[in-house]
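Structure first, then comments.
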Amino acid sequence: MDYRNTLNLPETDFPMRGNLPQREPEILQKWEEEDIYATVQKARAGRPKFVLHDGPPYANGDIHLGHALNKVIKDIIVKYKTMAGFDAPYVPGWDTHGLPIEQQVIKKLGVNRHAVSVVEFRRMCKEYAKKYISIQKEQFKRLGVRGDWQNPYLTLEKEYEAAQIGVFGKMARKKYIYKGLKPVYWCPSCETALAEAEIEYAEKTSHAIYVKFPVKEGKGVLTDENTFVIIWTTTPWTLPANLAITLHEEFSYVQVQVEKEHWLVAEGMLESLRSLWNLELPVEKRFVGKELEGVICKHPFIERDSVLILGEHVTLEAGTGCVHTAPGHGEEDFNVGKKYGLPVLCPVDHQGKFTAEGGAYAGMKVDKANPVIIEDLKNLHALVHEDKIKHSYAHCWRCNNPIIYRATEQWFASIDGFRKAALEEIDKVQWIPSWGKDRIYNMIADRGDWCISRQRTWGVPIPIFYCEDCGKEIISDETIAKVQEIFREEGSDAWFLRPAAELLPEGFTCACGGKSFRKETDIMDVWFDSGTSHTSVLMERKELAWPADLYMEGSDQHRGWFNSSLSTSVAAYGKAPYKAVLTHGFLVDEKGRKMSKSLGNGVDPLQVTKEMGADILRLWVCAADYKNDVAVSPRIMKQMSEAYRKIRNTLRFLLSNLNDFDPAKDRVAYKDLPEIDRWALLQLGKVTQRVLQGYEKYEFHWVYHSVHNFCAVELSAIYLDIVKDRLYVEGKNSTLRRASQTVLYDVLNALVRLMAPVLTYTADEIWPYVPGVPAGSHVQTEEMPEALPQWLDEALEKKWDTLLAVRSEVTKALEKARQDKLINHPLTAQVDLYPNAELEGFLRGIPNLSEIFIVSAVQLHSAGEEKPEGLSMAEDLAGFGIAVNSAAGEKCERCWIYDTGVGENQEHPTLCPRCASVVSHL
């Protein structure tokens with residue numbers, strides 16, 4: 001007789017192969033048809049809210065792996081919070097204005113922005129942004145990210161722009177907005193001012209020169225003829241703007257002799273200068289810095305004085321301790337110059353070329369002027385030493401060219417006006433990781449005023465007018481309200497389409513009586529755009545809330561979006577726009593190198609999704625300790641694919657053994673479960689606790705490692721290995737089999753829900769197969785499982801820790817016996833155990849050792865019994881010996897266990913008594 005048909009063999013229609021690249025798009029289409037976002041929101045209506053506010057990606061190009069990491073982390077958080085019982089809406093957004101889009105329109109459409117009208121150029125920029133919003137939206141959706149994709153927020157929307165103008169108006173009313181002449185970061189290539197957040201640092205080779213400034217009036221301190229003050233600079237092009245030399249009031253300065261000349265340098269730099277210049281530099285006189293204040297030097301090549309002044313920013317890290325000072329080309333220079341009433345001279349235009357004030361260098365680009373100026377200094381015998389240095393230098397974030405400091409009239413937000421309040425708010429926010437708090441605190445504490453104006457076209461205009469009669473700047477609650485009203489109807493294009501009179505309240509008159517006005521031509525910094533999303537989105541959308549529960553972006557946003565959002569929110573409302581801020585690190589390869597095109601070490605998320613599936617990418621995100629830099633490579637993705645396969649196969653095995661299980665009818669009560677089953681539920685309880693803790697603390701790698709280890713070790717290597725016999729061999733409706741199925745059901749039901757925020761497609765695919773699940777239900781509307789208190793039995797855990805330690809030693813002995821060809825399979829073996837007295841007492845209380853060890857028989861010997869020779873002694877259990885022998889009896893044809901009772905049943909002579917009984921009752 002073929003007894004195979006009498007076994008309860010595993011069976012399921014759930015596919016073994018994930019085939020994710022084909023199956024995921026089908027699931028995505030189903031979500032779209034059923035409107036999964038609306039379904040979930042409806043299911044959570046009236047629950048406590050959790051609002052994660054999306055930091056808007058830039059609407060330019062295809063998504064890259066950084067986007068994928070960011071969006072998947074957010075999706076995991078939102079889906080977990082939904083399943084934790086919260087109403088967790090997610091409104092995705094896009095940052096749509098600014099220089100990068102202008103550059104792409106100029107480059108890809110071949111447009112000369114100066115040759116087309118402003119309105120036409122803005123139309124092209126808007127079309128370009130909308131094109132990439134559509135492209136990126138589909139790419140994000142393909143990653144399995146759930147959100148209100150039909151109603152995202154866009155910084156170019158009319159309502160958004162109107163709300164942004166409102167925030168600007170609130171700040172202006174509090175006198176936080178002002179116009180000033182100050183040095184700002186300036187990109188000559190892009191012809192615009194830049195904010196600190198738009199600066200990136202890269203290595204650059206620069207000229208480093210030491211220059212002599214002859215003393216003109218020594219003020220009774222520097223009395224010798226032919227005395228020179230020596231300065232050092234890495235920007236020779238700024239020398240035409242030199243107005244002063246700054247010393248530190250407390251430093252010691254020395255006059256040294258060089259042939260017939262006398263040079264002044266800081267004493268603290270003397271040894272390094274002797275070495276560099278290869279000169280003896282004998283000291284003639286000493287002075288304290290403050291004694292030299294007011295000494296007047298002559299500019300080396302311009303008919304102009306250069307005065308010695310004092311400043312705290314002077315250091316002895318490099319140079320001579322005598323700092324070349326050009327108030328038009330540096331923030332510290334500007335500040336110290338302001339203290340001394342120096343003019344702000346900036347002989348460089350918006351393209352980085354010298355103006356007429358640059359004298360002989362007029363029309364030259366600053367970088368081209370460097371060698372010319374150095375040559376002129378040589379000819380004038382004013383050059384002491386010339387060198388080249390490699391150093392970290394500020395570059396434009398978009399064109400990657402070096403920037404300059406340039407004094408221009410710009411609009412600023414005064415950070416001093418709300419700095420104290422912002423620092424107090426930082427203390428109230430939860431920063432994850434905690435070092436983020438110090439980082440943003442120091443940035444706000446040290447930050448200069450925020451330059452918010454840009455000399456570009458594609459953006460939100462600064463809503464300020466000028467009276468043509470008196471030149472006064474016009475901004476008031478009344479004018480802001482009118483501009484808001486128009487923008488809400490027409491968008492910011494109205495600023496460029498309408499004359500000033502139509503943008504102002506009807507009959508508006510300046511205080512001077514003037515009735516003719518012109519508009520400001522600058523636009524706002526894009527960081528002001530995205531930085532006001534707390535108003536434009538959180539306050540304006542009824543389904544959201546202000547402040548947000550969480551902002552989550554890369555750690556570079558401490559100086560970017562977190563910073564601008566905090567600044568505008570505190571300035572306008574006196575409060576931070578977020579309760580917590582979470583950051584992720586950056587992507588690196590396995591060698592810790594940053595992703596770059598030149599290294600060819602990038603991983604394309606669209607390619608991974610196409611070849612492996614989005615759930616593999618999502619599992620990688622979950623597995624990464626993303627709060628630090630995240631390693632990625634094709635090899636790592638392959639590892640994730642293998643881990644996914646392990647999890648999927650485990651879930652499939654559970655399903656296949658539940659094909660005849662109805663949880664409503666077939667459950668076995670916890671109190672009636674055998675110990676091994678209660679141990680499995682104990683492990684499930686611990687995993688559930690750990691996973692939920694991981695989600696709550698945003699430590700998603702805990703989620704991955706807990707579930708993966710549970711599938712690989714506690715389930716596959718222990719529990720499932722042990723209960724396979726029961727599942728396949730015991731009577732279909734036997735209590736023993738139903739007990740195992742009860743556990744399998746609880747494990748399956750819990751694991752699918754625990755992993756649903758991560759393996760979003762796979763969880764959706766498997767959910768309809770889970771026994772007892774109502775047709776048409778969604779795993780995304782389910783709630784997270786809980787660890788029942790009765791499962792968490794400490795005494796049981798302690799007992800099974802010991803038992804599994806014994807099992808581990810037995811497994812080693814069986815493997816050695818197999819290698820020594822004593823047995824060919826554990827079921828052909830009988831294991832003889834020789835324990836110490838304590839262990840014997842413990843093992844006598846375990847009734848089913850052969851089931852736990854998966855052998856045909858176990859013989860437990862007394863502790864006092866003499867141990868035979870050749871015994872395998874346990875490595876980790878003192879005095880415990882194991883002997884592996886061939887099992888007595890015959891092999892049961894049905895369960896393959898060797899049993900001396902095989903042949904006793906005449907009807908089924910090839911079966912053991914257990915199997916004969918089961919088959920007889922079929």
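Just so it is clear, glycine is given a Cβ too, placed from its N, Cα and C backbone atoms.
Under the heading motif ''HIGH' region', Swiss-Prot lists 57-67. Here Swiss-Prot flags Glu553 as L-isoleucyl-5'-AMP binding site. If you look up Swiss-Prot, you'll see 594-598 marked as motif ''KMSKS' region'. What Swiss-Prot lists as ATP binding site is Lys597. Residues or ranges marked as Zn(2+) binding site by Swiss-Prot on the basis of sequence analysis: Cys892, Cys895, Cys912, Cys915.
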Query raised in the report: Which has the fewest other Cβ atoms within 10 Å: Cys895, Cys915, the binding-site residues listed?
Result: Cys895
Query - Between Cys892 (Zn(2+) binding site) and Glu553 (L-isoleucyl-5'-AMP binding site), the C-alpha gap once rounded to whole angstrom - result: 62
Query raised in the report: Using DSSP, how many residues in the motif ''HIGH' region' (57-67) fall into helix, strand and coil?
Result: 3 helix, 1 strand, 7 coil
Report summary line: Cys912 (Zn(2+) binding site) has its Cβ surrounded, within 10 angstroms, by a count of other Cβ atoms equal to 28
Report task. For Glu553 (L-isoleucyl-5'-AMP binding site), identify the closest of the binding-site residues Cys895, Cys912, Cys915, judging by Cα separation. Result -> Cys895
Query raised in the report: In this structure, which of the binding-site residues Glu553, Cys892 has the fewest other Cβ atoms within 10 Å of its Cβ?
Result: Glu553
Report summary line: Apart from the site residues Cys892, Cys895, Cys912, Cys915, the 8 Å Cβ neighbourhood of the Zn(2+) centroid comprises Val729, Glu893, Arg894, Trp896, Ile897, Asp899, Val902, Leu911, Pro913, Arg914, Ala916
